[in-house]
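**Q** Following this message is one structure expressed as structure tokens.
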Amino acid sequence: MVQLNPNFINTISQELPAHLSMDEFIAACARPLRRSIRVNTLKISSEDFKRLMQPKGWTFEPIPWCKDGFWISYDEEEQLGNALEHIQGLFYIQEASSMLPPTALFTPNADWQCVLDLAAAPGSKTTQMAALMNNQGLLVANEYSASRVKVLHANVLRMGASHCALTHFDGRVFGEYLYESFDAVLIDAPCGGEGTVRKDVDALKSWSLDEVIAISETQKALIESAFLALKPGGSLVYSTCTLNRHENQGVCEYLQQTYGNAVQFESLSQLFDGADKATTPEGFLHVWPQIYDSEGFFVAKLTKTRSVPRLQLEPKLQKNFPFTEASPKQAKAIQAYFADDLGIELPDELIMVRDDEFWLFPREFTDFIGKMRFQRIGLKLADHSKHGFKVRHEAVIALANTQANIIEINDEQAKEYLMGRDIALDTATKAQGEIIVCYGGAPLGMAKHLGNKLKNNLPRDLVKDKVLLLPSQA
């Protein structure tokens with residue numbers, strides 16, 4: 001049963017808008033969340049995904065603020081994270097409210113080429129923005145927690161987001177190291193999590209106002225860093241999954257008090273049909289759980305109207321960047337390998353080399369070389385040895401399409417493949433060597449075609465103990 005701390009109730013009752021009922025708020029907090037997912041349009045259209053899943057008993061209710069987001073219902077009680085289609089990266093299990101911040105940042109006329117996600121893990125909003133950018137430009141995704149960087153990286157790869165650069169820093173350093181470098185910044189700030197009580201019944205058990213105020217001080221430092229990293233004319237979205245004013249309106253007001261008319265709040269009242277139900281007088285979205293039957297959430301958007309002074313001297317450029325641009329000969333060789341052996345045309349991005357590794361970097365990344373240490377940049381394409389090139393799994397997942405050198409397998413074979421097993425073929429044919437294994441038109445990974453079977457080349461760290469095949473209801 002949900003645990004609502006009396007001190008929290010006393011505090012939040014003073015902040016609840018007059019047109020909303022405290023009884024309805026408490027009742028909403030006690031209800032389980034509706035299941036929601038976001039279709040990964042880097043791999044499949046929403047219409048094709050619905051056609052794929054409706055025979056398996058899924059029903060789809062559109063989420064008003066995300067054209068590729070849906071509340072879903074189906075009969076099975078299995079963990080969706082084990083579903084074949086989830087492992088493939090066809091969808092992301094994402095709470096509906098958390099789809100709001102990227103939607104607010106990427107309004108229809110937005111054409112952001114260089115975007116920062118300041119607190120990115122586990123990657124729901126990062127991969128949502130990657131899809132909105134259609135893998136164009138550069139998306140820098142930062143995470144302070146080392147263990148969560150690994151989760152972020154895994155989700156970025158699973159979803160086929162190829163234009164990301166990952167960093168592992170305290171978000172407060174970005175204003176210094178990457179001053180006025182980004183067209184747009186999203187900061188989904190670490191917070192008290194008051195809005196998450198519907199999925200974590202103990203979220204408010206030990207709530208205290210002192211802790212809320214302490215968290216808000218960190219948030220103020222983070223939003224200031226994000227604002228300094230934003231180019232003049234750019235947009236910043238600040239969001240939390242908490243409900244109190246200290247961590248929400250108070251943080252935004254602090255930024256405006258600090259930088260005056262350089263901070264221009266943008267109203268979100270027309271972001272989607274019904275947004276006005278959650279709009280504050282400032283134009284922010286303060287989503288109470290009973291309004292849309294969702295998690296509690298807060299979203300604010302602002303424009304940086306002019307440049308502001310940096311707080312510290314510009315840091316020195318870092319030396320010894322380990323990558324160099326591929327020579328014309330090297331670039332031609334890797335392009336030919338992908339085209340001739342794999343049937344993949346490489347995007348017109350930067351081909352970079354480190355030792356015997358070939359990588360694909362977003363062209364926009366060149367402006368960032370030497371300014372900060374990056375954990376991961378773009379895609380690792382292949383390793384090179386005296387025997388030639390060997391493609392990397394992540395490149396296949398992100399770049400392969402139906403025109404590539406593929407073999408389509410059925411669902412039972414796909415399950416076997418993802419569990420690391422070789423696949424026996426019904427009909428023996430001439431051996432074809434390296435081949436891309438696909439299910440439902442989306443790539444699973446590489447195999448070696450030996451004529452009568454596929455020798456599994458799935459990386460060992462991606463082998464699954466359990467793969468769920470959702471049964472057809474037909």
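Placement of Cβ uses the backbone N, Cα and C atoms for every residue, glycine included.
Since this is a predicted model, take the numbers as computed values, not measurements.
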**Q** Select one of Asp188, Asp200, Asp202: the residue that Swiss-Prot places in the S-adenosyl-L-methionine site alongside Ala119, Ala120, Ala121, Pro122, Gly123, Ser124, Lys125, Glu143, Asp170.
**A** Asp188
**Q** I'm trying to understand the geometry here, so how far is the Cα atom of Cys241 (active site, nucleophile) from the Cα atom of Gly123 (S-adenosyl-L-methionine binding site), in Å to the nearest whole number?
**A** 15
**Q** Around Cys241 (active site, nucleophile), how many other CB atoms lie within 10 A of its CB?
**A** 24
**Q** Including all protein chains shown, what's the count of other C-beta atoms within 10 A of the C-beta of Gly123 (S-adenosyl-L-methionine binding site)?
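**A** Counting Cβ neighbours of Gly123 (S-adenosyl-L-methionine binding site) within 10 Å gives 27.
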**Q** Does DSSP give Lys125 (S-adenosyl-L-methionine binding site) helix, strand or coil?
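**A** Helix, per DSSP.
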**Q** Need one number for the S-adenosyl-L-methionine-binding residues Ala119, Ala120, Ala121, Pro122, Gly123, Ser124, Lys125, Glu143, Asp170, Asp188: the maximum pairwise CA distance in Å, whole number please.
**A** 20
